[in-house]
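Next up is a structure, given as structure tokens.
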Amino acid sequence: MNNPVIVDCIRTPMGRSKGGVFKNKRAEDLSAHLMKGLLDRNPAVDPASIDDIYWGCVQQTLEQGFNVARNAALLAGIPHSVPAVTVNRLCGSSMQALHDAARAIMTGAGDTYLIGGVEHMGHVPMTHGNDFHPGLATSIAQAAGSMGLTAEYLATLHGISREQQDEFAYRSHQRAQAATVEGRFRREILAMEGHAADGSLILVEDDEVIRPETTVEGLSKLRPVFNPASGTVTAGTSSALSDGASAMLVMSEAKAKELGLPIRARIKAMAVAGCDPSIMGYGPVPASKKALAQAGITIDDLGVVELNEAFAAQSLPVMKDLGLMDVVDEKVNLNGGAIALGHPLGCSGSRISTSLIHLMEDKNVRYGLATMCIGLGQGIATVFERVQD
């Protein structure tokens, strides 16, 4: 069986969804920029040799509709002979795109794939056009369709306090800001043009979403947004709304070596799992356990972990039940997470995987885990193994 490997991985800066730097850029622009960027950075790869493009996106309508993957590929100037498909597993879409490419390589269907994902939440809101079947009320709780209420329920079940959530959100912003100031994001961000508040053209090199002025005291004053009467989840402890894309060049190990390309990491194991939709944020626990078992390693073998921070109220129970609470500051979301950077739905799976691989290199560790929850009760996880000299 062929080994799927990561040759390169990049992302755009994360822009604020409300009047942010990408307000005049479309989802296809963000995606095409990264597709072109990966090929420019790896000239040994003949664009015509790409077997397929898998691109995650959740709200596949308006500018993100009609197979945004193909639209972006055409915009990027990729040969017309190269196919492209848009993948949707809600929040896990671009990680699913990675899994699809990895399996294609493992089965010998191809050697070279571009994968990634995008979401322009400023142009296509998360709830745009949503229309749940009324019959779902007979099999799941009515509130299961509200991600914020599922986070509230998870916090209640696991005894997660408002104070713990505020502390975790503060940590996310502080770590993301430190990573920005110290240049730790520079290797994973591919700068691109955007627009300042006055409409002038600028080069966007850093994430716009991080709020370095965040304090625990300030967070403590915010009102609960999903359950105003007795809730604990606030806008400040939820993932920020942002616009962004991420991308990876995935190849068979044999093809990468043949072309003399660097092998950044091997895909060691992949898993998805379901859980009660009422606690959708718990999905990373069964998915991660499944992936670790497939990899033949334990949670203690992991050097770094990237957990998508949908909500602090969701992240804390996951870390608790995965046995990570005692090593959070040594292993988990070391450069902050989605509370600070945002969670552009279709982008996040390959975004956290990209951040993870760069951290694995920085920390010189062998194994890393990227995992995330998925709306309506799913989780997805990938174990990466760094190729060490």
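Just so you know, the numbers here start at 1 and follow the chain as drawn.
Cβ atoms here come from the backbone N, Cα and C positions, even for glycine.
Pulled the feature table from Swiss-Prot, pasting it below:
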ACT_SITE  C91  active site, acyl-thioester intermediate
ACT_SITE  H343  active site, proton acceptor
ACT_SITE  C373  active site, proton acceptor
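Mind mapping these onto the model and telling me what they sit next to?
Under 8 Å, Cβ to Cβ, and six or more positions away along its own chain, C91 (active site, acyl-thioester intermediate) finds V58, N308, A310, H343, L345, S348, G349, M372, C373, I374, G375. In the three-state DSSP assignment, the secondary structure recorded for C91 (active site, acyl-thioester intermediate) is strand.
Of all Cβ atoms in the protein chains displayed, 28 besides its own lie within 10 Å of the Cβ of H343 (active site, proton acceptor).
When Cβ atoms from all protein chains are considered, those within 10 Å of C373 (active site, proton acceptor) total 32, not counting its own. According to DSSP, C373 (active site, proton acceptor) is assigned to a strand segment.
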What does DSSP say about H343 (active site, proton acceptor): helix, strand or coil?
coil
